[in-house]
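Participant: Could you have a look at this structure, given as structure tokens, before my questions?
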Amino acid sequence: MYYPFVRKALFQLDPERAHEFTFQQLRRITGTPLEALVRQKVPTKPVTCMGLTFKNPLGLAAGLDKDGECIDALGAMGFGSLEIGTVTPRPQPGNDKPRLFRLVDAEGLINRMGFNNLGVDNLVENVKKAHFDGILGINIGKNKDTPVENGKDDYLICMEKVYAYAGYIAINISSPNTPGLRTLQYGDALDDLLTAIKNKQNDLQVIHHKYVPVAVKIAPDLCEEELIQVADSLLRHNIDGVIATNTTLDRSLVQGMKNCQQTGGLSGRPLQLKSTEIIRRLSLELKGQLPIIGVGGIDSVIAAREKIAAGATLVQIYSGFIFKGPPLIKEIVTHI
């Protein structure tokens, strides 16, 4: 397969420059006959989750296609679902560069991107042009300059704008790179946010005559008590699903490696066990009442199967996709 050669060339570049170059090429071919260059035939393995039928259980995690620029090209690679975003109400540049780092020996990434995106209106225009026949999730967040106490307003603005175009909506309250964002995972702040989101979802269902499920994305760094509280809140508010997990602040498995001390969220193989354990514990709390989308360090069929064995209904990849490329999609979907 050609990807090892592509990866070797891309890894000569700064990680963010490599990402920009790749997306530049994907933008050129998306929606054109040249999409055939990245198209892969994968088996159909339908899975029902959150009331939706996914053509296979593998999705692309949020963060790679923040603005929905390459939906068709990425979809052609065989994903059953794509989660685009995180998108915010207004465009924002994100944190200062450099802000994305490879831990090559660990097959991990550290990012402190900070929700850089072109805004929700731009994303919606891109979604309108796409022809992806899988499930499209749209991951939403708050602007950096929106005070945390007003954060729910940003989520409601985004919900209103994406509702008509989303297969499901993901609520990102677990990125470590937006100051104060993770506090929305706890106690009254979480209850307040989920109440507002559920009310908005009900209102939008009436307006659009369709029900779009909402999933909440959580951090892997929650302690046992916090995880129990989150599970309880999600169930009480009738949230449709939970995405476990986002990136971690834990560096215990990458000590001494190049870039390990960079601030930001760590993803990839070093996150694999931690996220699987969160899924296992969450599954025990939820008792099958709420589906789990498992993400974190999936870089093989075995890693994907471990997430499902722990309690996930669907799985997503990101860092594994960077390190292994499109062949990983076919491998996982074929053998999962």
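Just so it is clear, glycine is given a Cβ too, placed from its N, Cα and C backbone atoms.
These came from Swiss-Prot, pasted as-is:
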type: ACT_SITE; residues: Ser175; note: active site, nucleophile
type: BINDING; residues: Ala62, Gly63, Leu64, Asp65, Lys66, Thr86, Asn139, Asn172, Lys217, Thr245, Gly268, Gly297, Tyr318, Ser319; note: FMN binding site
type: BINDING; residues: Lys66, Asn111, Arg112, Met113, Gly114, Phe115, Asn172, Asn177, Asn246, Thr247; note: substrate binding site
Participant: Could you check which of the recorded positions (Arg112, Gly114, Ser175, Asn246) sits closest to Lys66 (FMN binding site), going Cα to Cα?
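Facilitator: Considering only the listed recorded positions, the nearest one is Gly114.
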Participant: How many Å separate the Cα atoms of Leu64 (FMN binding site) and the residue listed as 'active site, nucleophile'?
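Facilitator: With the alpha carbons as reference points, the distance is 14 Å.
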Participant: Have a look around Asn172 (substrate binding site) and count the other CB atoms within 10 A of its CB, chains all included.
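Facilitator: 26, counting other Cβ atoms within 10 Å of Asn172 (substrate binding site).
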Participant: Check the Cα-Cα distances from Asn139 (FMN binding site) to the recorded positions Arg112, Gly114, Asn172, Ser175 and tell me which is shortest.
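Facilitator: Going through Arg112, Gly114, Asn172, Ser175 one by one, the Cα closest to that of Asn139 (FMN binding site) is Asn172.
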Participant: List only the single closest residue to Ser175 (active site, nucleophile), chosen from the binding-site residues Ala62, Lys217, Asn246, Gly268, Tyr318 by CA-CA distance.
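Facilitator: Nearest by Cα distance to Ser175 (active site, nucleophile): Asn246.
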Participant: Run through the Cβ atoms and count how many others sit within 10 Å of the one on Lys66 (FMN binding site).
Facilitator: 21
Participant: State the three-class DSSP label for Tyr318 (FMN binding site), counting H, G and I as helix, E and B as strand, and everything else as coil.
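Facilitator: Reduced to three states, the DSSP call for Tyr318 (FMN binding site) is coil.
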Participant: So what sits near Asn246 (substrate binding site) in its own chain, CB-to-CB under 8 Å and at least six residues off in sequence?
Facilitator: Asn172, Ser174, Ser175, Pro176, Lys217, Ile218, Ala219, Pro220, Gly265
Participant: Other Cβ atoms within 10 Å is the metric here; tell me which of the binding-site residues Ala62, Leu64 scores highest.
Facilitator: Ala62
Participant: Would you mind reading off the Cα separation of Tyr318 (FMN binding site) from Arg112 (substrate binding site), to the nearest angstrom?
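Facilitator: Each residue's Cα considered, Tyr318 (FMN binding site) and Arg112 (substrate binding site) end up 15 Å apart.
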Participant: May I ask for the distance between Gly268 (FMN binding site) and Arg112 (substrate binding site), taken between their Cα atoms and rounded to an integer number of Å?
Facilitator: 15
